[in-house]
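TrEMBL annotations:
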- 37-442: domain 'Major facilitator superfamily (MFS) profile' (DOMAIN)
- 87-106: transmembrane segment (TRANSMEM)
- 118-140: transmembrane segment (TRANSMEM)
- 146-163: transmembrane segment (TRANSMEM)
- 175-197: transmembrane segment (TRANSMEM)
- 291-312: transmembrane segment (TRANSMEM)
- 327-348: transmembrane segment (TRANSMEM)
- 355-376: transmembrane segment (TRANSMEM)
- 382-401: transmembrane segment (TRANSMEM)
Amino acid sequence: MADNYTEATTPKPVTAFDKANKAAARLIKPKTILYTSALLSWMQPFQSGWSTSQMNLSQYNDTDECNARPVAEDTCLMFPGHSKLEWTFAVNAWIFGAMVGSLCCGHFSDRLGRKKTLMLNCIFMFVGGVIEAAVSNIWAFAVGRLIAGISSGTATGTIGAYVNELSPPHMRNTLGLGLQIFTTIGILFPAICFFFANTSSGWRYLAAFPCILAVIYMVLAPSMCIESPAWLLTKGRTEEAKEVIARLYGEEHVQTALSWLQVNKKPETAEEGLSAAPKESMFNPRYRMQLLGGILLSCAQQLSGINAVFYYSGSIFSDAGISDSRVGTLIIDFINIWPAFFTGVLANRFGARNMILWGLAGMFVMSVLMTVAFIVDVSALSIVFTALYVIAFGVTLGPLVGDDGRYLPRLDPCQRFFAVHRHELVVQPDCWRGVPVHFGRA
């Protein structure tokens, strides 16, 4: 009976992107269009960071000053006499909008394409900025914040995947950090502007600034940005994808680039008119660990206490002898930018998992030392440990647990959940902005 069978070995799985292709990919020098596409798209997370901190000036909202009747001159500059409830709604309307944007962006990104989605997103950015700058009622201002939040959430949930799909594998870690870096730069710039925007009309200019970003993108993107080749392949538009790849890397590298583009279905299947495979749910059992990992990492990032450190930085520096809380806020925001520049190198060297674990350990140690410094009343040490705490976050949890989910396998369902969950969890810490601002930031 044994003669009826022939011995055979199990075939090895076919790997589209093997070692030879990896070596070939490293020799590719991307064209300028890759960098212009990434740079212009990063203006949108800049708007997200800007919207996060544009209201964090004590002269805009101080509970005691805003409750005073009459309101003293040069106090409660934004909508004089507003209540704490009104202010809380105005602040958190942006967060709710970001939740909506990050929840819905996946559908439009898959249906319309990454580039067109970002173009349409600029309309929300522009309209939100116009409403915020023009209104005379804080509730109408909250509507503008809501619309601006939709833009921020859409950008956060789309740009990570967009830049990742444009980048060759060996550059994804580096270019992927742009989302975090430009968000932190966006947080910094309002802190700089607070030194000359502390007037009754200054906040309107801050609110209107994202309109400029939206116009720049809409004017330049048609010629200086390119559609994702991975998205084109999923739609069966193979020839267009090859043209895009040629613009990104050159005609001679089209086949190499095709080898690393992972798509959900074979392009030739769509071309033959066959029905596409159904989209998988993020709740599919095969993605259970990725889903749990996304929840855990998002919780670790948002409940790490970094928002509290930023929020109370003004009082920390005030206790150390820096009377102008704007200076303390500016210092912390400035420190927050630089660690992300080193994350790519360190993650490649030590691994993202190790970096995240070390970051959590470092933040724990720094928080203990900060507490000790407060107890023994050594304000100078509290500044040092606060800065080290921000650095530990900025080089690990901040960029590595980013909204493009680079720590997780690149699965669309998980990426979308990642973006949604991040904004969902940020609501509670950001509600602290409703507390009296003499405990607040700038």
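Just so you know, glycine gets a Cβ as well, placed from its N, Cα and C.
Sequence-distant residue pairs (6 or more apart) of the transmembrane segment (291-312) and the transmembrane segment (175-197) include fewer than 3 whose Cβ atoms are under 8 Å, leaving the two stretches without contact. Counting Cβ pairs under 8 Å to the transmembrane segment (175-197), the stretch among 87-106, 118-140, 146-163, 327-348, 355-376 with the most such contacts is 327-348. The recorded stretches the transmembrane segment (146-163) and the transmembrane segment (87-106) share 3+ CB pairs below 8 A when only pairs 6 or more apart in sequence are counted, and are therefore in contact.
On the 0 to 100 pLDDT scale, the domain 'Major facilitator superfamily (MFS) profile' (37-442) averages 83 in the predicted structure.
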